[in-house]
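Note sheet for the following structure.
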Amino acid sequence: MAAPAPAGAAGSPSPPPQLPSPFAELVKSPSGLEKVVLRGSRNCCVEVYLYGGQVTSWKNDNGEELLFLSTKAIFKPPKAIRGGIPICFPQFGTHGNLEQHGFARNRFWTIDNDPPPLPANPAIKAYVDLILRPSEEDLKIWPHSFEFRLRVALGPSGDLSLTSRIRNTNNDGRPFSYTFAYHTYFSVSDISEVRVEGLETMDYLDNLKAKERFTEQGDAIVFESEVDKVYLAAPSKIAIIDHEKKKTFVVTKEGLPDAVVWNPWDKKAKAMQDFGDGEYKNMLCVEPAAVEKPITLKPGEEWKGRLALSAVPSSYCSGQLDPLKVLQG
Ligand SMILES: O=P(O)(O)OC[C@H]1O[C@@H](O)[C@H](O)[C@@H](O)[C@@H]1O
């Protein structure tokens, strides 16, 4: 009698990769792209596509979506998915010769089942580790060998964290430099009712004015037209206060000095093929980043950059919440 074919042999479907967290599951999306679903308490849930290593959904206890994903997003390579948290690497924006925002956001990442350990946090049960290494084609456009490890974790209170570890694995002794951003699209009720706290008085480069440097004036940032600014040496906590939803997002960043704030407004929205004409009203990008000063790694060196997001109910409208407490807390 013929021996049973080993799993994965021609003709038999390969078993889905095992994920170390029992709260993580690999599923195929309707587009045919694979995604990892992380489940937390009640309806808390995060979705991460292997394409781009991109978080596309983060839901709270009530199952309410906290990230913006365009209804026109295209789930087909080589287009990057419009919304969620694209990863800009090894280049942010047009700060270099590569395609806008680099190539990590339109490459297929793989599941990394044996990553070097991160500081243990026993409270985190739902997580996944992904890895990106350059292909032969990538090496032609960016001639550096690297390992990019990404951990996406859903905390017990519904907080979402992304930890990136980038290592130079060049074996010819050469260092490399890159810029980086977690291009986070937040879902907001109405952009004209949103304030961003923590960036007032900061210096910024204005992408709408040939990257010229200015200093932010006055109070919290509010939105009345297109914004595309790179705030320099921004604080480690930034709050996005959505008056209408009575919700505050707290963005905590580590290893990422800058913060990009972007809303395309009506004209640019219309010009984007994968973005609804009126969707600019319901999104805001606040992107922890390293833009002004590229990060340089020598062979064997590793860099770590972390983003942590939480969404807290805000009674800010009724004056009960002091935004400074959120930022300092
Ligand atoms: O359309 P893309 O490539 O995803 O970029 C969207 C925007 O991303 C922002 O981070 C940039 O500051 C903007 O200049 C850019 O327009």
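Cβ atoms are placed via backbone N, Cα and C, with glycine included.
Nobody curates TrEMBL annotations by hand; they come from automatic prediction.
Note on TrEMBL: of 1-21, 22-42, 169-189, 295-315, the range annotated with the feature region 'Disordered' is 1-21. Taking a Cβ cut-off of under 6 Å from any atom of ligand 1, the binding-site residues Arg82, Gln100, Arg105 reduce to Gln100.
For the substrate site, the Cβ centre of Arg82, Gln100, Arg105 serves as reference, and the other residues of the chain with Cβ at most 8 Å from it are Lys79, Ala80, Ile81, Pro86, Cys88, His101, Asn106, His183. According to DSSP, Arg105 (substrate binding site) is assigned to a helical segment. The record assigns Arg82, Gln100, Arg105 to the substrate site; their largest pairwise CA distance measures 14 Å. Spacing of His183 (active site) relative to Arg105 (substrate binding site) is 10 Å (Cα to Cα, whole number).
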